[in-house]
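Trainee: Before anything else, here's the structure in question.
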There are 2 protein chains.
Amino acid sequence: MSLELTILGCHSATPRVNAHPTAQYLEINSRHFLIDCGEGTQRQMRKYKVGFSKINHIFISHLHGDHFFGLIGLISTFGILSREKPLHIYGPKGIKELIDIQLTYSKSHINFELVFHELTSKKSELIFEDNKVEVRTIPLNHRVYTNGFLFKEKPKPRNLNIDVIKQYSEIDICDYNNLKAGRDFVLSNGDTIKNEVLTKEPSKPLSYAYCSDTSYKPEIKDVIENSDLLYHESTFLSDREDLAKKTKHSTAKQAAKIAKASDVKKLILGHYSSRYNDVSLFKKEAEEVFEEVILADAGKKISICS
Amino acid sequence: MSLELTILGCHSATPRVNAHPTAQYLEINSRHFLIDCGEGTQRQMRKYKVGFSKINHIFISHLHGDHFFGLIGLISTFGILSREKPLHIYGPKGIKELIDIQLTYSKSHINFELVFHELTSKKSELIFEDNKVEVRTIPLNHRVYTNGFLFKEKPKPRNLNIDVIKQYSEIDICDYNNLKAGRDFVLSNGDTIKNEVLTKEPSKPLSYAYCSDTSYKPEIKDVIENSDLLYHESTFLSDREDLAKKTKHSTAKQAAKIAKASDVKKLILGHYSSRYNDVSLFKKEAEEVFEEVILADAGKKISICS
């Protein structure tokens with residue numbers, strides 16, 4: 001099982017020459033997701049060779065411009081690229097109206113179904129699942145309705161212990177799926193061979209929690225605990241904790257406290273305010289509380305295998 | 001008098017890493033205008049050091065995404081930069097609704113007046129003037145309602161011929177404005193000194209015609225003739241004149257024919273289709289018809305002084 005996150009942009013507010021607004025590309029258990037879509041995201045996708053045709057699901061955390069102003073351009077480009085597969089957009093109520101009106105006025109011809117999943121719940125809810133992955137919302141606390149997203153691999157089937165299985169001539173290939181699903185095998189003489197003898201533990205499902213934008217909200221631990229990877233916004237350093245509180249953002253220290261309390265394995269920081277020239281200060285501050293800290297940067301890939 | 005055009009983007013359709021959608025920054029007789037605003041324009045403005053505070057008027061030719069998807073982001077950024085001066089947007093009907101709805105949903109707080117001038121006329125009309133510049137629409141022929149724009153300096157006051165003026169002791173400094181305005185001077189003895197003796201011809205007002213997007217439309221000559229600078233879209237080469245006709249775009253040759261028939265001084269080509277790797281072919285084709293051809297390129301500045 002594997003998970004790879006590509007940072008396409010991780011700066012707050014307005015785009016600048018070398019500071020791109022939020023967007024991330026996540027590959028998890030063979031599924032491909034786009035998370036947030038600030039202005040210029042499609043250019044960043046091309047720059048970092050993210051396959052446009054792989055994206056079937058886009059998750060928008062909230063309707064501040066630096067998280068979605070690039071969405072209409074991306075949808076329009078999908079149309080120009082003759083996309084036919086449906087595209088699912090998950091985001092706050094209003095996103096459908098916003099996109100539809102722009103498609104109408106710009107006469108952007110799209111030959112694919114655009115499926116909007118408008119979110120309103122203030123509780124964590126399952127919003128996507130298939131046989132490989134499930135996605136849940138992480139209700140956050142920001143100036144507008146905001147969700148983070150928890151991406152979790154589905155448990156993999158158990159692994160066959162072929163050497164042991166071959167000792168039992170009665171076990172046929174067509175029995176393998178049942179074994180992978182965890183079932184014991186009953187021989188013709190009535191004896192039961194326990195599944196744990198015939199199979200091995202699969203690798204642990206991986207999970208990624210995306211939390212932006214938000215003020216410090218310790219309760220999110222209930223949703224994100226034990227995640228392998230956590231991205232948590234850190235717009236400010238503790239020197240401006242007052243401003244973080246006022247604007248409902250977080251400091252690097254607060255992001256680290258969330259990571260520690262939630263027992264995640266690694267913390268990625270991002271959404272840096274432009275007032276700070278030296279982003280290494282974010283890592284330094286967070287590391288006073290939590291050890292495994294990574295600074296988001298456009299183009300950076302973070303991979304986890306299990 | 002002077003005119004300087006900065007190309008911020010000049011490629012058609014979708015943004016790519018080194019191909020930015022249409023936007024131009026025009027300085028003309030001390031006025032500063034933004035023309036079209038494809039996605040990523042604000043980043044290009046920063047890259048090429050276009051002062052955000054200088055822009056008070058934005059002209060949008062039509063509502064295809066590659067000409068305006070960057071507008072909401074730019075307006076939002078003006079808000080973040082605490083703009084207070086009004087911002088005037090000229091564009092097709094619908095642009096107000098498009099921008100208003102996005103400002104509402106994104107809760108972008110702007111403390112300046114946003115004044116929309118929605119255009120519907122199919123005739124050339126005066127849409128802006130002050131004591132320095134006037135701007136007229138150039139009705140174009142595209143798949144959606146489209147205007148180009150003609151930017152023209154107002155005639156400058158005549159220049160004083162100080163050496164001659166000093167020969168007449170009766171002429172006082174407070175008479176200078178009348179002389180600049182072209183009036184003769186009447187001496188106390190009744191004699192008239194002709195204005196042409198006391199002043200010199202001012203430099204000729206400069207003009208810039210922006211024509212994108214459009215199919216080949218020779219009638220625009222009536223509006224743009226004798227312009228000092230013409231930007232005319234050339235999405236295709238003549239090898240795809242069929243496609244130009246179908247999509248209501250132009251070829252390089254057609255742009256050159258317009259330039260020649262309209263007796264402009266220089267032609268700038270742009271809005272290149274991504275099917276062509278070598279944009280020099282556009283210049284080559286146009287030069288078979290018209291001599292002074294410039295290829296638009298992001299960051300290029302074209303200046304004219306008179």
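First residue shown is number 1, and so on along the chain.
Cβ coordinates are placed from backbone N, Cα and C, and glycine is handled just like the others.
TrEMBL does not curate its annotations; it predicts them automatically.
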Trainee: Write down the one residue from B:ASP191, B:ASP213, B:ASP222 that TrEMBL lists together with B:HIS62, B:HIS64, B:HIS142 as binding Zn(2+) 1.
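Mentor: For the Zn(2+) 1 site that includes B:HIS62, B:HIS64, B:HIS142, TrEMBL also lists B:ASP213.
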Trainee: What kind of secondary structure is B:HIS67 (Zn(2+) 2 binding site) part of, going by DSSP in three states?
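Mentor: SS state of B:HIS67 (Zn(2+) 2 binding site) = helix.
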Trainee: If you draw a 10 Å sphere on the Cβ of B:ASP213 (Zn(2+) 1 binding site), how many other Cβ atoms land inside?
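Mentor: Its Cβ has 26 other Cβ atoms within 10 Å.
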Trainee: Short of 8 angstroms on C-beta distance to chain A, which of the listed binding-site residues (B:HIS62, B:HIS64, B:HIS67, B:HIS142, B:ASP213, B:HIS271) are there?
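Mentor: It is B:HIS64, listed by sequence.
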Trainee: Among all the protein chains here, how many other CB atoms are within 10 A of the CB of B:HIS62 (Zn(2+) 1 binding site)?
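Mentor: Step by step: centre on the Cβ of B:HIS62 (Zn(2+) 1 binding site), count other Cβ atoms within 10 Å, giving 25.
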Trainee: Which residue among the binding-site residues B:HIS142, B:HIS271 has the fewest other Cβ atoms within 10 Å of its Cβ, if you could check?
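Mentor: Relative to the other binding-site residues in B:HIS142, B:HIS271, B:HIS142 has the fewest Cβ atoms within 10 Å.
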Trainee: Other Cβ atoms within 10 Å is the metric here; tell me which of the binding-site residues B:HIS64, B:HIS67 scores highest.
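Mentor: Per the Cβ count within 10 Å, the most buried is B:HIS67.
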